[in-house]
Number of protein chains: 2
Amino acid sequence: MNIAIIGYGGVGKALVRLLNMQEEVLAKDHLHIQVPYIVDYYGGIYQAEGIDLQQLAAFTEKEKDITKFTGGSADITVDHIASDKTVDLAVIMTPTNKETGQPGADYVRKLLTTGKHVVISDKGPVMLYYDELYRLARDHGVQLCIGCTTGGALPSINGGLMDLAGGEITSIEGVLNGTTNFILKFMEERACEYAEALKEAQEQGIAETNPTLDVEGWDTAGKLLILTNVLMQEKKTLDDIQVEGITHLTAAEVAQAASENCKYKLVGKTLRKEDGQLSMTVKLEKLSQDQLLYSVEGKNKAVRYCCDTLGELVIIGGASGVIPAAASILRDMVNIHRGYQFVK
Amino acid sequence: MNIAIIGYGGVGKALVRLLNMQEEVLAKDHLHIQVPYIVDYYGGIYQAEGIDLQQLAAFTEKEKDITKFTGGSADITVDHIASDKTVDLAVIMTPTNKETGQPGADYVRKLLTTGKHVVISDKGPVMLYYDELYRLARDHGVQLCIGCTTGGALPSINGGLMDLAGGEITSIEGVLNGTTNFILKFMEERACEYAEALKEAQEQGIAETNPTLDVEGWDTAGKLLILTNVLMQEKKTLDDIQVEGITHLTAAEVAQAASENCKYKLVGKTLRKEDGQLSMTVKLEKLSQDQLLYSVEGKNKAVRYCCDTLGELVIIGGASGVIPAAASILRDMVNIHRGYQFVK
């Protein structure tokens, strides 16, 4: 399989290392991956016979500008990938813009249209244009995989698509945001207020300097939106979700919950109501010990589906870090190689 | 897709009802299933254009002998299915014989060899001959699906194959037996001895009159064996597993565990040791609240995988009953229809 990598940040570098690391595992699957193109901000690298990934990994430990590597040039762009018929699949890891979806959106369109499978980690285009991109993939007989966008290593899309194949999902619940998990856990353990827990999360590099997207629930909302549109065949937007964050939670409320053997989690939830309409919310929920999402904390994420025929399914996992994130991209590539039609 | 159903007991009947129920859901997948053959103990039914499943379901509510239905005959056997080139897939639901694997084993061999995909719920042939059957499927370019054998609706095989694709599984842990879950839970709640909990389970029809396979751990061992052989590419047998049941557990031990906020679960576990060898055990484990398998009880089952690149994955689910069991068979059929190569 000839693949092109677009975006060479943390996860892109991890993917390059991973392709090296897992060569033997992939060979058992008769999957041999070559990377003729890597494109990022500075330009790109092209080597028809496949870039030497081990050398590249070593080279870019010190050097940021990939165009200085063998085969590198400032002129190599996504257009070269699009026009190269030997490329089977493109991995798109562009930075996320949730308003415009750019530049990822145009890259996906271009690459699907020119007959390449696409695996994408950029949530922007998926949140804004999934329906259009899905149809584009179908019309061009290629696959579009987005498993990385809804919890990284957590197989949330896989779980809904493959593990509940033949059934209909009636509800989706998810604890999908690591930063809020950390803050809530810290508030429980230290019996402290939100502001102190946030400060700790920022000092540990877990929360961003501007933590709004995480703590106000928008990261969770984005993931819930993707899960709902993909797994329940909907065309919702962020505006359809009632979103509430964790910033108003007090130490007293956490202590009260603990005295009832309960814990607060930030839960994204989509429910099909009796009238067929969907209710979509992101909010703090007080979960008791007998609820399976109760014990999801720290780095773990989880999703819970209810299905008409297969009952309840809870998936917990999603190790943090760039290697698991890259591994979730590789997972999609392997499942495409195994013939799975994500798009049909 | 033209399918043949072999075995028309509880799950077979549920599958027939399910194919009716899910017609619309399957149509969204462009999957139209016809059933020209059903074969069981009495003989079979053959209707080239597809058996009317709704009529059959109504008919067999009162009548046991399926050969009395339109198209029925005592002469219709698995051989007819094998020699019919229009059959794409056979579902084998023969009663399990863990010593010989028969009659299921010969049926799988015959049907794979004649180019039919096989979805099988009979653990016998899978425990005894998986490696042979896998190679047979591969050599004849067809799929062999066994998702139903390791926890029914719980997507344990799917989870290991698809959700961890591209990674290597380093350990498998499972709470895989509903009967022992029930007994352990009853002992906790009633603070009673094992014998009393077993009696209750038998009265409720949850434990069998001869409960040995469940309570001595052999059912769990069989499922662990299949998971290990399939997901870790091993060729182990039951003899390789150290098996211990729950019959020796006392009310005092359960109370002691509860005072430590712990619970006993019957856990099947395969670990790859540092020397590369596997350790395989089935035994009671005292789990604490922070272990994700702690809250798996009642009808739920669960499996926990550790993977080199994707971290920890816990899957909880597996609704009991004939419809979820049939739905796990349908899931495999849909995933085959979607092109997934379980065999490669």
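Using N, Cα and C of the backbone, Cβ positions are placed for all residues, glycine too.
Whatever TrEMBL says is automated annotation, not expert-curated.
Because the structure is a prediction, the values reported are computed rather than measured.
Note on A:Lys223 (active site, proton donor): other Cβ atoms within 10 Å of its Cβ, all shown chains, come to 25. As annotated by TrEMBL, active site, proton donor applies to A:Lys223.
According to TrEMBL, the NADP(+) binding site annotation covers A:Gly7, A:Tyr8, A:Gly9, A:Gly10, A:Val11, A:Gly12. Within the same chain, residues at least six positions away from A:Gly9 (NADP(+) binding site) with a Cβ under 8 Å of its Cβ are A:Asp40, A:Met93, A:Pro95. A:Gly9 (NADP(+) binding site) falls outside any helix or strand according to DSSP and counts as coil.
Under the DSSP three-state reduction, A:Lys123 (NADPH binding site) is assigned to helix. If you take the C-beta of A:Lys123 (NADPH binding site) and look for same-chain residues 6 or more apart in sequence within under 8 angstroms, you find A:Thr96, A:Lys98, A:Thr149, A:Gly222, A:Lys223, A:Ile226. Per TrEMBL, the feature NADPH binding site maps to A:Lys123.
Taking the Cβ of A:Glu208 (L-homoserine binding site) as reference, residues of its chain lying under 8 Å away and at least six apart in sequence are, in sequence order, A:Thr179, A:Gln202, A:Asp214. What TrEMBL lists as L-homoserine binding site is A:Glu208.
Per TrEMBL, the feature domain 'Gfo/Idh/MocA-like oxidoreductase N-terminal' maps to A:1-144. Note on the domain 'Gfo/Idh/MocA-like oxidoreductase N-terminal' (A:1-144): its mean pLDDT in the predicted model is 96.
Annotation source TrEMBL lists domain 'Homoserine dehydrogenase catalytic' at A:162-334.
With DSSP states grouped into helix (H, G, I), strand (E, B) and coil, the domain 'Gfo/Idh/MocA-like oxidoreductase N-terminal' (A:1-144) comes out at 61 helix, 27 strand, 56 coil. Within its own chain, A:Gly12 (NADP(+) binding site) has A:Ile5, A:Ile38, A:Asp40, A:Val91, A:Met93, A:Ala326 as residues 6 or more apart in sequence whose C-beta sits under 8 angstroms from its own. The NADP(+) site is set by A:Gly7, A:Tyr8, A:Gly9, A:Gly10, A:Val11, A:Gly12; from the centre of their CB atoms, other residues of the chain with a CB within 8 Å are A:Lys13, A:Ala14, A:Leu15, A:Asp40, A:Met93, A:Val322.
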